[in-house]
Amino acid sequence: METIFAQSSAFGKAGVAVFRISGPKSLEVLQLLTGRKDFKSRLMYYQQITFPESGELIDNAMVVYFKSPGSFTGEDVAEIYTHGSKAISIMLINALLNIPNIRLAEAGEFTKRAFLNNKFDLTAAEGIADLINAETIMQHRQAIRQAGGALEELYNNWREQLLQIISLLEAYIDFPDEDIPDSILNKVNNTHTNLINEISNYLNDNRRGELLNSGLKLAIIGPPNAGKSSLLNFLMQRDIAIVSNIAGTTRDIIEGHLDIGGYPIILQDTAGIREESSDIIEQEGIKRAINSAKTADIKIIMFDAEKLDSSINEGIIDLIDENTIIIINKIDLIEPSKIFLIEDKYKCLRVSIKNNIALNDILKNIENIAENMAGFTETPYITNQRHRHYLKQGLTYLKNFTLDNDLVLATEDIRMTVRCIGTITGVINVNEILGEIFKNFCIGK
């Protein structure tokens, strides 16, 4: 196995920069860079880091050696903690590149080696990647649970039950003349039925985990001049959309990302929807607005209080669903006692973006819907499409299984289900998917 290295921290100005070395030459590399021969495992040392050939000082740093298998990768590992300087990073990388039989690590290669050395399964490796990419508290909580082995435990539990079914069926196949109690077949049937129900229910999760990973798309729609762009600017806390009294100012979709209650939200401000427009560009904007609303996880439909009755049309009303927030804006311009027809059928928020009236109610409603769609449950949920694909495939094999068929063929259906689950966790040979998974890591991890 080759010895690899990389800067594990971000390249640039920082208090500390971290370099990781993994492989059989790790200790030798550390000795060459420091001139020190005796390193005890897991003990931190303060050392000068120099070019091995010239002796030129690179930095005064903290270094540590981890003897295999007690390291992140399971191999001999050395770590160097320098000052966070671009110049220091460049010099140390050059020094490492000049040492024979050591190379720069590929993206995710340290984590890949840890997986290959049985430090964790593939789901935990993916959890580490999600943890690095997490931008909100809820994304962090999901990732830390997965990195800690929660999905591995769930999938392995199903796999063990399936292996038990196989062992019972093989007893029937190998010893057909033996008097095996019917209770054994009853146990097979019960376990099989329970697993179908569990996996089916698990898949029927409305993509909660994937939504949390990728972000919930929120489309702001409504007639022209209702205050959609003003709402976007309020939510983003900066002016990213042009606000104007001229109808049709927003022509294309304007997007922004934010954190509401720990949930990642992808905001989309859209063109005002109206039935009559002779402007070809505005017509295309309206078409995109409607498409955005149809694919959104959450919708905010905004109306101008002064023009509400005249601006409601069937195209907008048809977009309302359980994850829609209806806002009546510019409420400061009408009598408080005025009741709108739409309020008889739908719950509406009365706000004034301009005068900061009831704006926190908007945030709370968004958070409530996000929590309902992607909030935590006791059972860890599917976090990416790879898991969902193989679980669906495994469930198909599981549903094909019946004791009325030839037992050898029936057992093969269970084996294929085991293989699908093993592909998720990495229990079986999954070389063809390792590159796809680990390429999404950063260099140094």
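Including glycine, each Cβ sits where the backbone N, Cα and C put it.
What Swiss-Prot says about this protein:
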type: BINDING; residues: ARG20, GLU79, LYS119, LYS445; note: (6S)-5-formyl-5,6,7,8-tetrahydrofolate binding site
type: BINDING; residues: ASN225, SER244, ILE246, THR249; note: K(+) binding site
type: BINDING; residues: 225-230, 244-250, 269-272; note: GTP binding site
type: BINDING; residues: SER229, THR250; note: Mg(2+) binding site
type: DOMAIN; residues: 215-371; note: domain 'TrmE-type G'
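Structure with Swiss-Prot features highlighted.
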{"residue": "ARG20", "record": "(6S)-5-formyl-5,6,7,8-tetrahydrofolate binding site", "DSSP class": "strand"}
{"residue": "GLU79", "record": "(6S)-5-formyl-5,6,7,8-tetrahydrofolate binding site", "DSSP class": "strand"}
{"residue": "LYS119", "record": "(6S)-5-formyl-5,6,7,8-tetrahydrofolate binding site", "DSSP class": "coil"}
{"residue": "ASN225", "record": "K(+) binding site", "DSSP class": "coil"}
{"residue": "ALA271", "record": "GTP binding site", "DSSP class": "coil"}
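Of all Cβ atoms in the shown protein chains, 23 besides its own fall within 10 Å of the Cβ of ARG20 ((6S)-5-formyl-5,6,7,8-tetrahydrofolate binding site). The Cβ of LYS119 ((6S)-5-formyl-5,6,7,8-tetrahydrofolate binding site) lies under 8 Å from the Cβ of PHE72, THR73, GLY74, each on the same chain and at least six residues away in sequence.
Here the C-alpha separation of GLU79 ((6S)-5-formyl-5,6,7,8-tetrahydrofolate binding site) and SER229 (Mg(2+) binding site) works out to 49 Å.
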